[in-house]
């Protein structure tokens, strides 16, 4: 039998009492926890809306010539100066389906224009904080009746206006309904205004706000940058609104499709200079309560544009001419009819991106704009040139990402850059990423991008470099002349265009899904995807003019290019859309294998590993591939591979040991290739034409007079020198002894005399 034990009666009773007490305590704590959790979930922003009103001192900032607005000088903290009890929404109304719980703005309101007055303080307050004070008025139109106004706001403290965070008035006879409550919804970054009655359809209103923000050193929104000069620390107030940080500078409808005009006023110390997107309209000097001399600089209104392109800077930078060295601020007004008349360029000490294409006020990281021939390398020089070209191309074409990456290479307004820089700078670099199973297409699915953080994550090499490479391929097989004619880039006029941008799509008027250049919107239901681009006027019939200040889907570009193809009766294996959808809507790229014995040509999805691809493709990862080719006897052409396999008689050249086949001329196609039994013949060919690597024959570096250009079926815009380099590189990588000996000799010669580069 089993062993047992016994306890006394007294000890047993004590144990029972203690156990019951512990159980009662656990039950009570569980009930309290449940009640507190339910209460917290029902209050949208308790921390931001329950703070009591505080006494503040004020600085008077003029908003017009006749009136002043009192701005609190309290530190930008968690409490909101002037907020009063009663601005918290009824807990019974809170829930995940309410509009303030959604990440995207509803389509009930559309802004027309903003008036923004900002005063940055470039010295810290008593708490060591750098602040800016501001007031703003946004005029908007009601598209659908609604009793809720949602406007983005992030890390701004508001001054109470009659017990609410904002005030509302009607425009042109419209009557504004009374405000019943206001609050800040921090998780979705909204300022919420609840109205007693709905706004009326097609009526306009103005929302007024007074606020304080911090000039933090976080490189986002309206922020602080510092530098040393003559042993002193100097402070710059500057901006970086992309992707979704304009809401940190002032309350705004901070989605790219919510375009409006902006009237900016900066109040700054008189020994500082103020810059914004547009030229200065007026400047007046004033003395405020602190006894210091301040300037009120008013800028001309912008044209209609997205919030993330707005920019303003207050600094002690000096303007210099473009031909001066050692510049900190480069002010340029290029003599080109395609440029905006105002195009300031500023190098910032602290800047998160390489550069930012703010319309008329381009900002740069210092090493992306400044070049010192005494210290900078040739690589730095190339970087500066291409970045400036990239950002100024935005001012001309105002496309997104890959479109501009391509534009920086083909040049504009008489600035001719080498397109072949794209091969090493963009194409090869991005192929290493696009060959991974974790890659993504140029156009994302709607449900994949939802938050500002996810938007920032897709500003990647796929969007920029693959977009540029695919556009380059399109331009090459169409010919550059047809490509430009489709865009009407050669037409007259001033391009006043601005880019669309960054956020996930939820319907026809929304901004975009991806950073993918010209490859954004997959349907009319995604009309304003982030990578859709907004372009502006050239000739009346041009693509740029057709979508001036509007939003496009990438099919609109294909349609305009297709018109040129149809006009010229240019033969293609399908429409531009049919061809390009394969490159835009599926990730990766193909590797082509040529069997020179049989002429067999095959394609398959190129991957660097055996990791399975999880992302499905409606095209089953096959592409319509333009394969340009040339043989040693001068025969050439363009073959379109439309299926997984094909047989090409012209590629069966292995029977003649001295004959070679070259495909993908000048590396214009976005694909890898493997031509069997061609390494040594190609190596020997270039050995012969260079007289055993001792000279560069005429035309080898010529864009138009090279021997390939004498073959009309093959569009050639790049030097054949790349094919020579590739032939040597491939032969050496495959261990061809003669090639390895050549490389060793050339390297030894360079080491012996670095001044002579063989």
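Think of each number as a place in line: the chain as shown, counted from 1.
Cβ atoms are placed via backbone N, Cα and C, with glycine included.
The shown structure was predicted, so the numbers you read here are calculated from the model rather than taken from an experiment.
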Per TrEMBL, the range holding region 'Disordered', considering 16-35, 76-95: 76-95
PLDDT averaged over the residues of the domain 'Aminopeptidase N-like N-terminal' (111-309): 95
I'd like the per-state residue tally for the domain 'Peptidase M1 membrane alanine aminopeptidase' (336-395) from DSSP, helix first, then strand, then coil. 21 helix, 12 strand, 27 coil
